[in-house]
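See below for the structure under consideration.
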């Protein structure tokens, strides 16, 4: 079934560009490692692929059951972390795939649900956990000291006034609602109402990345993709934050034989050269003005893609040890 209708309500960022990078041939097996609302998966199915879709959010998996029914046996949903996609596939007897796609960060579906605690525009419990496991945003913000909070805001949100915001958060504790946190950040930054970009944007992003250990997950996911992509398989990664994009850029540069030194997210090069596991990456792709106007979230998106070679995957996870906050 290649005539599966496209649902514009679920169109993710850079959809056409991702599908072009994947160059899907009918019958190929592709992984949508961040299922979300199913936008990439739907397009992969429409191109004739068999799709294995993964998400750590149980609500996303539950919401995808209707699409499974439409897909005539070509869609499998897996609840799990994309950093473990190689293990999740192996448990199902799959050792190689033709393509893997990552859409890093929070989904529009999660932002639209105020009760999930991701949005500064909708009031809800200060949660931000994608899988409802571990420490919530409220738990962390109400126990962490000012310096730890400031470091997270600076490194994961590029918030230049992180110290000011952290002091305001500590002074306002306890915080339990997203509206409370958003108000504290706005007041700390003295940003006028109606400004083009909400001043709470960076802080909410940084806290979410920290709570869900998203950079660690990205590092693990890239290494897992290297292990399960067949020779000629395609990798496509859409990121929304400068640190995420740097991790992807340096991973592909190193794995394609380039020099990835100079980043705090990478270890020093080893003496023994390893065979390139990816061809030279395609040029990065950014959204056009029309997509940015249609979807403001697209403004910060970057797509990077590359094709797998026949070289064996590098041993271990050479980036994981370098990731820390």
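Every residue gets a Cβ built from N, Cα and C, even glycine.
Range with Swiss-Prot annotation region 'Disordered', chosen from 236-255, 256-275, is 256-275.
Within 10 Å of the C-beta of residue 40 (S-adenosyl-L-methionine binding site) we count 30 further C-beta atoms, all protein chains included. Classification of residue 38 (S-adenosyl-L-methionine binding site) by DSSP places it in coil, neither helical nor stranded.
Secondary structure at residue 103 (S-adenosyl-L-methionine binding site), taken from DSSP and collapsed to helix, strand or coil, is strand.
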